[in-house]
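Working notes for the structure below.
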2 protein chains.
Amino acid sequence: MDRLTIIKVGGKVVEEPESLNMLLDQFVKISGYKILVHGGGRSATQIAAKLGIETKMVDGRRITDNETLEVVTMVYGGLVNKKIVAGLQARGCNAIGITGADLDLIHAHKRPVKDIDYGFVGDVDDVNSDEVRLLINENVTPVIAPLTHDGKGNLLNTNADTIASEIATEFARYYSVYLFYCFEKKGVLLDAKDEDNIIYDLDYDLFKKCQSEGIIKEGMIPKLDNGFRAKKSGVKEVLITNHENISSGRGTRLI
Amino acid sequence: MDRLTIIKVGGKVVEEPESLNMLLDQFVKISGYKILVHGGGRSATQIAAKLGIETKMVDGRRITDNETLEVVTMVYGGLVNKKIVAGLQARGCNAIGITGADLDLIHAHKRPVKDIDYGFVGDVDDVNSDEVRLLINENVTPVIAPLTHDGKGNLLNTNADTIASEIATEFARYYSVYLFYCFEKKGVLLDAKDEDNIIYDLDYDLFKKCQSEGIIKEGMIPKLDNGFRAKKSGVKEVLITNHENISSGRGTRLI
């Protein structure tokens, strides 16, 4: 099977021109087929504030009322996504920027209200890769914004880490998939105070042990849960790294 | 050659839920391959105002400084485009929302500064339809936002009427292209006070005569210039109509 590398980058990297340029320089060096999945939360929060819309977060997830949905649609699907596409085109990489609504790529349903009403937040039902694979096989690079749709005309705000692992799992049926989660550190740290003390090989038992000891915490936990799930579903390699290391492949490898 | 209908709709139609729904209901009834090109100027102006950015227009064209470029990228490429895509998906039409940067569809250059500095406004150089045709032939419907790129990483704000005629001209090499310009009236009016007094068949001489007599004026002039240029370049039919008539094909036909 052909190699397909899926890179998920958080908002911070893609929202600042300098780190975005560094990311894109590294990204185009990756050989084989590629997909970029991006966030954009900081810009969304900033623009919402300028528009007088208050941002409410619960456990790191954005409460997405109707106005907030408009903001994330603009920011993720427009501003951040199209800047990346233009930047990749300038580097000779034929990119296409899409959301989960485009090509019916990712179907989701509005998260049911239990203790918290997250609003227009989508939980993924299924991924339809048919037309996207057609493009990939023509050497087109999809750039995916973290939005899905419910098939009834509603866009839904969906966590970018989850989108990356769902996409990776679906594409693993057709390609040898390498999934890289990029964040600020070089990998998962054994000691938060020592940036170089990286866990190079992380298995599920060690992850759970580190979690119970509080070494691995907060946003890293769902990221790793997503990563191990993807690995179990046939994704060849899952790597936690930063955007400077995506072409070398250094970081924390899930085993 | 297969039939391809290209519909250009202005901002007003796509920005109000009621007229957008009516448009999309009509649009999906069109048989054969389809492309939708949209504007979004009113929303851009509104959101710019909320963000404290002043909108400056010269001859109906938006002066696009860096901040305004961010607004139109968000609004055209994100908000308006993705709402249309989700609405089409809900109607069983497999849409993909793109700009001229995606798939390297439309190359443009920043308009040279003469009397007026339009800022990041693009004049079209060429259209590359290769990958978009691949999608169309799979029954995918492209929804195109009025943005182009310069190949150096810059997005450019580009008139949607121009994009529609440029796209139509390129695709006329491969398809039998029907280009419909939708606006508020049922067609080009002989008498602005009589909404039903439509010119059904308009040739170039009559256009120029009506223009010199002030019967055809303002924004309709560049629209018709674009339309006649497209017709001359191999587009099978150019129709000026409103969004309620796109499936019936009534309106002003350029001959």
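Here the Cβ of each residue, glycine as well, is placed from N, Cα and C on the backbone.
According to TrEMBL, the domain 'Aspartate/glutamate/uridylate kinase' annotation covers A:4-242.
Annotation source TrEMBL lists site 'Transition state stabilizer' at A:Lys8 (among others). Under DSSP, A:Lys8 (site 'Transition state stabilizer') is assigned to a strand (E or B) in the three-state scheme.
Its Cβ placed at the centre, A:Gly41 (substrate binding site) has 22 other Cβ atoms within 10 Å. Look at TrEMBL and you will find A:Gly40, A:Gly41, A:Arg62, A:Asn157 tagged as substrate binding site.
The site 'Transition state stabilizer' annotation in TrEMBL covers A:Lys223 (among others). In sequence order, A:Asp161, A:Tyr181, A:Phe183, A:Ile240 constitute the residues six or more apart from A:Lys223 (site 'Transition state stabilizer') in its chain with CB-CB distances below 8 Å.
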Under DSSP, is A:Gly40 (substrate binding site) helix, strand or coil? coil
Let me know the largest Cα to Cα distance in Å among the substrate-binding residues A:Gly40, A:Gly41, A:Arg62, A:Asn157, as an integer. 12
Give the sequence-ordered list of residues that share a chain with A:Gly40 (substrate binding site), lie 6 or more positions from it, and have CB atoms under 8 Å from its CB. A:Gly11, A:Val14, A:Glu15, A:Val72, A:Val75, A:Tyr76, A:Leu79, A:Val80, A:Asn81, A:Ala145, A:Pro146
Given the recorded positions A:Lys8, A:Arg62, which one has the fewest other C-beta atoms within 10 angstroms of its C-beta? A:Arg62
Cβ-centroid neighbours of substrate site A:Gly40, A:Gly41, A:Arg62, A:Asn157, 8 Å, sequence order: A:Gly11, A:Gly39, A:Ala44, A:Thr45, A:Thr64, A:Val72, A:Val75, A:Tyr76, A:Pro146
Distance between A:Asn157 (substrate binding site) and A:Lys8 (site 'Transition state stabilizer') at the Cα atoms, whole Å? 16
Row A:Asn157 (substrate binding site), column other C-beta within 10 angstroms, all chains, value 26
